[in-house]
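Next up is a structure, given as structure tokens.
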């Protein structure tokens with residue numbers, strides 16, 4: 001660990017991912033849009049001073065503000081640029097040599113009350129080499145001139161950002177005869193002189209001229225694509241301009257995917273309180289543990305000298321064991337949350353941008369599928385979508401989604417569309433599972449609701465507190481939570497229709513279908529009435545849960561994207577359970593689900609439907625248009641998969657224990673990836689071991705999976721304590737939870753007020 005100055009890394013080191021994507025060492029670079037660049041540089045004055053190479057950088061920089069700018073005008077003269085809408089002024093000053101003229105220009109900003117530029121970018125050397133034919137005397141004079149300019153730059157650096165751009169290497173084979181004297185050896189000598197003088201000048205000063213040396217590394221990889229051997233290709237210039245923008249703007253704009261040059265965020269009041277709570281839990285657990293160990297030593301089994309009988313230690317009371325389990329759970333959770341914070345909030349571990357290649361996505365997919373096949377076992381029951389099968393389904397889907405996220409495959413539209421089906425399949429299982437439970441059990445009690453809500457939301461609530469993120473940020477949990485409440489509300493309101501009641505009178509089936517039709521109409525209305533949807537979720541305190549960046553649009557978009565699939569899951573469960581009750585399907589071990597003829601026809605239709613959807617998704621050209629169709633057609637591939645997986649008796653009778661293991665912790669895996677596997681809130685990749693990408697992924701994945709498994713155990717343990725079966729005790733706990741959330745809302749309001 002070399003320290004947290006990511007600006008130093010951004011300006012001096014990095015590597016190419018592929019041909020055009022630059023990856024700074026240890027941090028992530030944000031790609032600024034025109035609107036963001038204008039917002040950051042509003043009322044700013046930027047000056048570029050130097051030769052034709054600096055002029056190139058000037059043009060690339062102003063194109064980030066206004067892409068319509070054309071490179072025209074006097075090449076060997078000053079070039080002004082002004083963006084009046086944001087009061088941004090950018091000037092290029094033609095000073096191709098480090099000499100008295102350049103010194104006088106810089107000195108004019110240090111004297112009197114002259115307005116100083118906010119950013120100054122300086123660099124020159126190739127003209128000195130060319131004019132003086134690469135003589136040693138020219139290098140000596142260059143050193144003298146920089147020595148005289150350095151104190152002036154240091155003085156400006158106290159109030160402005162000053163960058164000295166080192167000279168890029170040249171491609172000597174392509175240089176014209178008039179430039180043959182500009183060699184890489186000469187350029188290295190000039191760069192070395194500039195760095196030594198500027199560093200010695202700032203040694204005793206707090207202000208520092210920043211040396212822009214990363215351009216050299218970029219040029220080493222791309223200069224062979226130069227048109228004349230001297231000037232960089234456009235893509236390299238654009239990368240340099242983007243680096244400059246990141247250096248200056250990241251601390252102002254604070255983009256999530258721009259970790260370079262961002263200071264560590266200060267702890268909020270809620271985070272400090274959480275830290276105190278976990279610290280007290282750890283201390284409390286250690287004290288109780290020491291007391292128990294001490295009592296154990298005192299009461300240790302020993303032989304009574306008088307009677308010769310063995311004495312047994314006293315058994316601890318249940319209350320103490322419950323308290324110990326509670327403190328132990330919070331103790332482990334506190335340590336885990338510390339790791340979360342260090343990974344994604346403290347500037348301790350490195351972060352890198354994602355870079356998609358087909359091999360980085362498809363090779364791991366093939367690998368895990370082969371692994372899954374190796375762990376094939378017989379199921380305990382052979383029903384459609386039995387527990388082992390649904391766990392397996394969740395498991396392989398979650399692993400595919402994780403690979404999709406870490407490989408950055410969202411940029412490849414066919415993969416994106418298939419992943420959207422996997423997310424829809426999770427929601428389909430939500431509709432299927434909860435409907436089946438309420439329909440068969442008829443249990444609409446508060447205990448069941450509280451258990452489900454606690455298991456779904458516990459980790460996310462803790463992360464919202466520790467990581468200072470809104471609830472809607474972890475969008476999938478709000479989604480499944482709201483859909484669970486919709487399913488519960490649909491079936492629990494009068495008249496409550498369950499399987500036992502419907503078996504007595506078939507008319508109740510029509511009553512339930514009527515409820516489902518009403519639900520479908522409500523979904524349809526809300527999906528095409530954004531205003532009504534936003535009004536519902538804009539009421540306080542709902543708005544605190546579902547707002548992101550000050551509005552609920554993101555929540556509406558996420559809900560709308562898979563609006564019908566939960567209904568499809570409920571309808572499928574109803575039809576399947578009705579067929580099962582009337583013994584119209586065969587679920588014996590090895591038996592096909594229907595008669596051979598019907599099974600073969602359905603299997604053929606399912607395979608064709610599955611492949612047809614994949615062909616359509618792979619031919620998608622426009623993400624917006626495909627997202628519009630997705631809610632209506634995603635169920636085709638989901639139902640096709642269910643039938644392919646369940647119609648053949650043998651296939652239904654086996655499952656992959658490897659995938660099922662991951663399926664049991666799929667929710668924890670999905671949430672934990674945000675901060676301890678990916679980085680910068682999923683925008684980048686966490687780097688625990690720099691320089692070894694494969695080894696880093698192995699280590700971070702191992703820790704990530706272990707942590708997710710441990711959190712799953714902690715959630716289950718706490719669910720038994722926090723949500724008891726006794727109604728009177730449960731009511732008291734609910735009042736305590738209501739008080740906790742009231743306090744959380746109060747502290748959150750105080751935080752918002754202090755921020756404003």
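Counting starts with 1 at the first residue shown.
Quick reminder: no glycine exception, Cβ is built from N, Cα and C everywhere.
Please treat TrEMBL annotations as automatic predictions, because they have not gone through curation.
Keep in mind it's a predicted model, so treat the numbers as computed, not measured.
Copied straight from TrEMBL:
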- 22-71: domain 'NXPE C-terminal' (DOMAIN)
- 253-734: domain 'Cas1p 10 TM acyl transferase' (DOMAIN)
- 269-291: transmembrane segment (TRANSMEM)
- 355-375: transmembrane segment (TRANSMEM)
- 395-416: transmembrane segment (TRANSMEM)
- 446-466: transmembrane segment (TRANSMEM)
- 473-495: transmembrane segment (TRANSMEM)
- 507-526: transmembrane segment (TRANSMEM)
- 561-579: transmembrane segment (TRANSMEM)
- 599-617: transmembrane segment (TRANSMEM)
- 629-647: transmembrane segment (TRANSMEM)
- 659-680: transmembrane segment (TRANSMEM)
- 692-711: transmembrane segment (TRANSMEM)
- 731-750: transmembrane segment (TRANSMEM)
How about the transmembrane segment (395-416) and the transmembrane segment (659-680): at least 3 CB pairs under 8 Å, pairs 6 or more apart in sequence, or not?
yes
What is the pLDDT of the domain 'Cas1p 10 TM acyl transferase' (253-734) when averaged and given as a whole number?
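The answer is 92, the mean pLDDT of the model over that range.
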Could you give the residue numbers and ranges of same-chain residues that sit at least 6 residues beyond the transmembrane segment (473-495) on either side and whose C-beta is under 8 angstroms from one of its C-beta atoms?
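Non-local partners: 423, 426-427, 430-431, 434-435, 438-439, 444, 449, 452-453, 456-457, 460, 463-464, 511, 515-516, 519, 545-546, 548, 554-555, 558-559, 562, 566, 570, 667, 670-671, 674, 681.
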Using a Cβ distance cut-off of under 8 Å, indicate which of 507-526, 599-617, 629-647, 692-711, 731-750 has the most pairs with the transmembrane segment (561-579).
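If we count Cβ pairs closer than 8 Å to the transmembrane segment (561-579), 629-647 scores highest.
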Where among 446-466, 507-526, 629-647, 659-680 do we find the most Cβ pairs under 8 Å to the transmembrane segment (731-750)?
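Comparing 446-466, 507-526, 629-647, 659-680 against the transmembrane segment (731-750), the winner is 446-466.
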With CB pairs under 8 Å as the measure, which of the listed stretches 269-291, 446-466, 629-647, 692-711 comes out on top against the transmembrane segment (659-680)?
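It is 692-711 that shares the most Cβ pairs under 8 Å with the transmembrane segment (659-680).
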Between the stretches 355-375, 446-466, 507-526, 599-617, 629-647, which wins on the count of C-beta pairs under 8 angstroms to the transmembrane segment (269-291)?
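Between the candidates 355-375, 446-466, 507-526, 599-617, 629-647, the best contact partner of the transmembrane segment (269-291) is 446-466.
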Give me the DSSP three-state residue breakdown of the domain 'NXPE C-terminal' (22-71), ordered helix, strand, coil.
22 helix, 9 strand, 19 coil
